[in-house]
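K.L.:
The following feature annotations were taken from TrEMBL:
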type	residues	note
DOMAIN	18-220	domain 'Neurotransmitter-gated ion-channel ligand-binding'
TRANSMEM	222-244	transmembrane segment
DOMAIN	227-332	domain 'Neurotransmitter-gated ion-channel transmembrane'
TRANSMEM	256-275	transmembrane segment
TRANSMEM	281-300	transmembrane segment
TRANSMEM	380-403	transmembrane segment
Amino acid sequence: HYRFSKIDFKNLERNPELFNGFSRGYNMEIRTMIEHKHWNGVFTRRVSMESWLSSIHELDEVAEKIAVAGYLDVIWWDDQLVWDRATYNDIYYMLVLQDTVWKPDLVLKNGFHKFEELGGSFYYVRIKYDGRISWYPYHVFESQCSINVTFYPYDKQTCHIIFTIWTYRYDEVEIDPESKFELDEYTENSLWTITSTSVQINRVLGSHEIDFTINLRRKPTYYIVNIVIPLIFLGILNSLVFIIPADAGEKMSYSVTVFLSLAVFLTIITAQLPVNSESTPILSIYIVVQLSYCILVLVVNSFQLRLHHRHEGNEKSKIFVFAVKLQRRMCFWRNKIHSDTNEIGRINNEDTKGIENATPQRNHNEEAIKWRDVSSAIDFFAFWILMGTDLIITLFIFIHISVNKSII
């Protein structure tokens, strides 16, 4: 016998013949032909289906898995379950356990775990007096989802949830789904936004596949605040080492401190970056660039401090002399240097009582260049070159990933 959870509350006890009749005469193995479509001589049962999405539980980039909660609204007709309302005290519908009537054996084809049919022994179906049957299997659907994290944290993902009727061919049971997910009962996810949904029917190996597509966009605010902005600040601090005078004695310790800070920070955020061998996040490349800058700064500082403490008797190469002169010109120091040099020459002429200074003015300028000036010039050019390139690379990378366009 059927086990009923609810019937129209009207004189239920006076109509046992309704239930007894269904129990004796119904055969759930027989596909009846009410509201069926004739297809090449084969009667096809038509099943309509709507999908209602409740929430997105997770999108696992490492396992390439999406888990969404929702239910299906599946409707079909069965002419073995039709009754006359006037005969049975105007009973409009009844609820029976799903395993007591025929239903389509819907399965999640691209499920992440075991292959199983939807529904369960405790689910009920709603049977209307005209043979219309409604079934609402709720499930947490875990399906495979190919992940592309190139533009992380501005990435967009497309995931597919594919259902199929396992036993019947497409000419025996035809699925007629709605064109998209219903989102009236959807609860927003804190990390992902649904941009669009769609449904497509594919005919594969004689059966129908219902492909529900979900297009997602990651919400980047959390990652910008906790990863991107601190990373940019560390890059700025890395360039500021060239503002510290070499005589202060803190340049090398400052560089090492910034390097270690970045290394510790990378250790923390690496756990938050998606692990995927098929696509590498551009943000990961940017992190490698920042780490390379730190190493370059350490090398330049080591070389610069060695030059700063070099004996003045050592000859300076032309490139060092050129760098110092170019720095002075760019900083508008040339006139000041010339006036200082002329003043020194005037005092020397008075002290030597008329002895002529035979050294050309060009040599005076060269003699005024000391190793500390070379060190200062290295500071000047290294600061602007590294700061400029870091700014250009940062703007290019984050504008690029924010608009989600591919590099040529």
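Residue numbers in this text run from 1 along the chain shown.
Here the Cβ of each residue, glycine as well, is placed from N, Cα and C on the backbone.
Note that TrEMBL annotation is computational and uncurated.
Since the structure is predicted, the reported quantities are computational estimates derived from the model, not experimental observations.
Thinking about packing and proximity, how do these listed features fit into the structure?
P.N.:
Sequence-distant contacts of the transmembrane segment (281-300) (same chain, at least 6 residues past either end, Cβ-Cβ under 8 Å): 149-153, 227-228, 231, 234-235, 238-239, 241-242, 255-256, 258-259, 262-263, 266, 269, 273-274, 378, 382, 386, 390, 393-394, 397, 400-401.
A Cβ distance under 8 Å defines the sequence-distant neighbours of the transmembrane segment (380-403), meaning residues of its chain 6+ beyond its ends; these are 150-152, 154, 228, 232, 235-236, 238-240, 242-243, 282-283, 285-286, 289-290, 293, 296-297, 300, 304, 323, 327, 330-331.
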K.L.:
Which sequence positions outside the transmembrane segment (222-244), separated from its termini by at least 6 residues, show Cβ-Cβ distances below 8 Å to it?
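P.N.:
Distant Cβ neighbours of the transmembrane segment (222-244) are 152-153, 191, 250-251, 254-255, 258, 261-262, 265, 269, 272, 283, 286-287, 290, 293-294, 297, 301, 378-380, 382-383, 386-387, 390, 394, 398.
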